[in-house]
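What TrEMBL lists as signal peptide is 1-22. Annotation comment: TrEMBL describes 52-347 as domain 'Plant heme peroxidase family profile'. The annotation disulfide bond is assigned in TrEMBL to CYS62-CYS138, CYS95-CYS100, CYS144-CYS343, CYS222-CYS254. Here TrEMBL flags ARG89 as site 'Transition state stabilizer'. Summarising the annotation, TrEMBL assigns active site, proton acceptor to HIS93. Under the heading Ca(2+) 1 binding site, TrEMBL lists ASP94, VAL97, GLY99, ASP101, SER103, GLU112. Residues or ranges marked as Ca(2+) 2 binding site by TrEMBL: THR216, ASP264, THR267, ASP272.
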Amino acid sequence: MKAAVVSVLILLVIFVAWPVSADRKDLPGAGGYGGDEDDDNDTKSWFPLDNQLSLSYYDRICPDFEKIVATKVREWTKKDSSLGPALLRLLFHDCGVTGCDASVLLDHEGSERRSPASKTLRGFELIDDIKSEIEKACPGLVSCADILTAASRDATFQLGGPYWPNAYGRRDSTDSYARDVEKVPSGRRDITALLETFQSYGLNVLDLVVLSGAHTIGKAYCGTIQSRLYNFNATYGTDPSIDSKYADFLRRKCRVASETVYLDAATPVKFDNQYYINLQKNMGVLTTDQELVKDPRTAPLVKAFAEQPPHMFRQQFAVSMVKLANVGVITGEDRIGVIRKVCSKSNSRPY
Ligand code: HEM
């Protein structure tokens, strides 16, 4: 009964929160690289409005944008399937630090990407490759933040996840600071800390539970969970909340920190609701995963997603991803963002 009520609530949220479509706006706006570039010279009468994201943002200025991204993501993930989960995580680490502004992509001394906490992030070369292809088709018009948003969606879809419409028009940051990376939660926080972090993004408890479901795909480094396996609460023991057989498996697998384990042991490469079923069996890999089933604020949602058909999770995942991809975006109107020429380099930085 309780689960049914939660499901109805979830459905309501899906319909209320589904992003509204934006109409084509045939009004003047600014294009070009921005920042140190003379962006106003390039103004054309059919540029989209630059004070908001729009579903049709690139329709006229770069009609092949989404096609190029999807093709590149398919090409790269065909060769290395682990890049799909990596891209999805990369978007979270971009949006979770100073908003979805591609700050995570900048590669210079002291940047987010150079922080120890970003060491296991991947997918940068794929984004660079997409950017250079897009620069050939429509130079100076497509931001790295939009490319990452599109690539992450396509990677999720290609792994069997949901598809959702992306609104575009983000600008890129001009800088990036390693010290900001602490805003992205580590795998050892408690639920209160996670909720506070998500609230600071403008996301709620449902978004937290649903987006954590991204851990239905991908891997964690054993180094990330070794303290949970061998030194829980400084006891040299294993976290007793892990299912004992699964704990045996993890301990055998994780003798070396550089080894990896799937975040969803049961269906590791399938984008389904198995993650929530695992949590109920005490088979969450990260402390933050397992905590979701213990905390009264999140446990009913875990139960609902575990018990409902997988499409309930997939639909809500799409809704929450749209919200995540809109966190702290810079638009042209803000005048502080740019369209980077190369995603890993700031336009104004003398390299
Ligand atoms: C709720 C807070 C979250 C925490 C504490 C967290 C933490 C982590 C950690 C510790 C790892 C393993 C990293 C490693 O060992 O190198 C990981 C992997 C991953 N995370 Fe999260 N995460 C969170 C939310 C998210 C969100 C919101 C998404 C995307 C929407 C996401 C997507 C992923 C993916 C796909 C992987 C696997 C990456 C790969 O295989 O390369 N995570 N996460």
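Heads up, the Cβ atoms here are built off N, Cα and C, so glycines get one too.
When the alpha carbons of VAL97 (Ca(2+) 1 binding site) and CYS343 (disulfide bond) are compared, the span between them is 16 angstrom. The disulfide-bonded residues under consideration are CYS62, CYS95, CYS100, CYS138, CYS254. Their Cβ neighbour counts within 10 Å are lowest for CYS138. Taking the centroid of the Cβ atoms of ASP94, VAL97, GLY99, ASP101, SER103, GLU112 as the Ca(2+) 1 site, the other same-chain residues with Cβ within 8 Å of it are HIS93, CYS95, GLY96, THR98, CYS100, ALA102, VAL104, SER173, SER176, ASP180, GLY328.
In this structure, the recorded positions that sit close to ligand 1, with a C-beta under 6 angstroms from any of its atoms, are ARG89, chosen from ARG89, CYS95, THR267. Other residues of the chain with a Cβ within 8 Å of the Cβ centroid of THR216, ASP264, THR267, ASP272, the Ca(2+) 2 site, are ILE217, ALA266, PRO268, VAL269, LYS270, PHE271, ASN273, GLN274, TYR275, ASN278. For the pair formed by ASP272 (Ca(2+) 2 binding site) and CYS144 (disulfide bond), distance between Cα atoms is given as 29 Å, rounded to the nearest Å.
Across the structure, CYS144 (disulfide bond) and ASP101 (Ca(2+) 1 binding site) place their CA atoms 8 angstrom apart.
Neighbour counts were taken as the number of other C-beta atoms within 10 angstroms of each residue's C-beta; across the recorded positions VAL97, CYS144, CYS222, CYS343, the minimum falls on CYS222.
For GLY99 (Ca(2+) 1 binding site), the Cβ neighbour count at a 10 Å cut-off comes to 18, with all displayed protein chains included.
Candidate recorded positions: ARG89, HIS93. Fewest other C-beta atoms within 10 angstroms, HIS93. Its own atom aside, the Cβ of ASP264 (Ca(2+) 2 binding site) has 27 Cβ atoms within 10 angstroms in the protein chains shown. Among the recorded positions ARG89, CYS222, CYS343, the residue whose Cα lies closest in space to that of CYS95 (disulfide bond) is ARG89. In terms of local Cβ density within 10 Å, SER103 ranks first among the binding-site residues SER103, THR267.
Rounded to a whole number, the distance between the Cα atoms of ASP94 (Ca(2+) 1 binding site) and ASP264 (Ca(2+) 2 binding site) is 23 Å.
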